[in-house]
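Working notes, structure below.
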Amino acid sequence: MSATAHLETRHDWTLADVRALFQQPFNDLLFQAQTVHRAHFDPNRVQVSTLLSIKTGACPEDCKYCPQSGHYDTGLDKEKLMEVQKVLEAAAQAKAIGSTRFCMGAAWKHPSAKDMPYVLEMVKGVKRLGLETCMTLGRLDQEQTQALAEAGLDYYNHNLDTSPEFYGNIITTRTYGERLQTLAYVRDAGMKICSGGILGMGESLDDRAGLLIQLANLPEHPESVPINMLVKVKGTPLAEAEDVDPFDFIRTLAVARILMPKSHVRLSAGREQMNEQMQALAFMAGANSIFYGEKLLTTTNPQADKDMQLFARLGIQPEAREEHDDEVHQAAIEQALVEQRDSALFYDAASA
């Protein structure tokens, strides 16, 4: 391989190619991943996002890892869609602690026509606060995708979860093709894609490779690639799944970085189970995005001050965000909240 070959952006990865990366000695793989990372990013900057569950529980999908599925008894209470004002208050708090992107997730198979107006107002309101916006609402059709784009949504998250071959062992209520179609609609509408998967569901090395190949061989790489470590929740079919080997998890991050050199690779769910040394290795492997705050949808996440303490010890800074004069910033937040309070869409969508 030439000195620059592993820095090239490709969309033609094969299983043999990716197996070869996984099979490298650990130090060699991390060195290659860090070299790629430094060619495209500041290695000491990490993008920080906050994730809020805007509608929790009773999802009709049967994803075997998910405590929000209505198919399993996990003790999670069903909640209505949050009021727009409460979402904006949470977004303002997220910005105050340093998040640059605010992600909103709803436990739906797909958004209903009744809920879409409220969702669109959330996007518009969060944008007015000066944050990037991201949503994960399930499957979308073209009309919904276009409406979200016109409202100003920056990113849409729709994970592939695993390889096409292993997918049927995890989910039966939505096809792999439907997931890919939603990603295509999102891209066609001009939004950025956030898509990744989960490790620790019983998948093989080839399944991990297959997931990354699907993502890397899309016509355009996802701008954000979340790599999750399974959070085992009592009541779900995967509650007793075997733990992921930490080195295997780090290897997967490194391979994701090499395959998608210009994407943000997000160290996502499962960080609560990772010690500081494992997280430091993850950043060395090319991870450069995290979720920030106490909750990641319905599972715990390291507290914000704990993250900042680790960043300080590693010499890492949050990725820069646009700064505003404090008074102007506060005025913008207050105005956005007032506008939502006066809006006909202020009320709880689920009871409208």
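Heads up, the Cβ atoms here are built off N, Cα and C, so glycines get one too.
Curation does not apply to TrEMBL; its annotations are automatic.
Secondary structure from DSSP puts C63 ([4Fe-4S] cluster binding site) in coil. Every protein chain shown contributes to the tally, and the Cβ of C63 ([4Fe-4S] cluster binding site) ends up with 23 other Cβ atoms within 10 Å. Look at TrEMBL and you will find C59, C63, C66 tagged as [4Fe-4S] cluster binding site.
Counting every protein chain shown, the number of other Cβ atoms lying within 10 Å of the Cβ of C103 ([2Fe-2S] cluster binding site) is 28. The [2Fe-2S] cluster binding site feature in TrEMBL is assigned to C103, C134, C194, R266.
Here TrEMBL flags 44-262 as domain 'Radical SAM core'.
Here the binding-site residues are C66, C194, and the one with the most other Cβ atoms within 10 Å of its Cβ is C194.
If you take the Cα of C66 ([4Fe-4S] cluster binding site) and the Cα of C103 ([2Fe-2S] cluster binding site), they are about 18 angstrom apart, rounded to a whole number. Neighbours of the [2Fe-2S] cluster site: apart from C103, C134, C194, R266, residues of the same chain with C-beta atoms within 8 angstroms of the site's C-beta centroid are S49, L51, R101, T136, Y155, N157, S224, P226, S289, F291.
If you draw a 10 Å sphere around the CB of C59 ([4Fe-4S] cluster binding site), it holds 22 other CB atoms from the protein chains shown. The average per-residue pLDDT of the prediction over the domain 'Radical SAM core' (44-262) is 90, rounded to a whole number.
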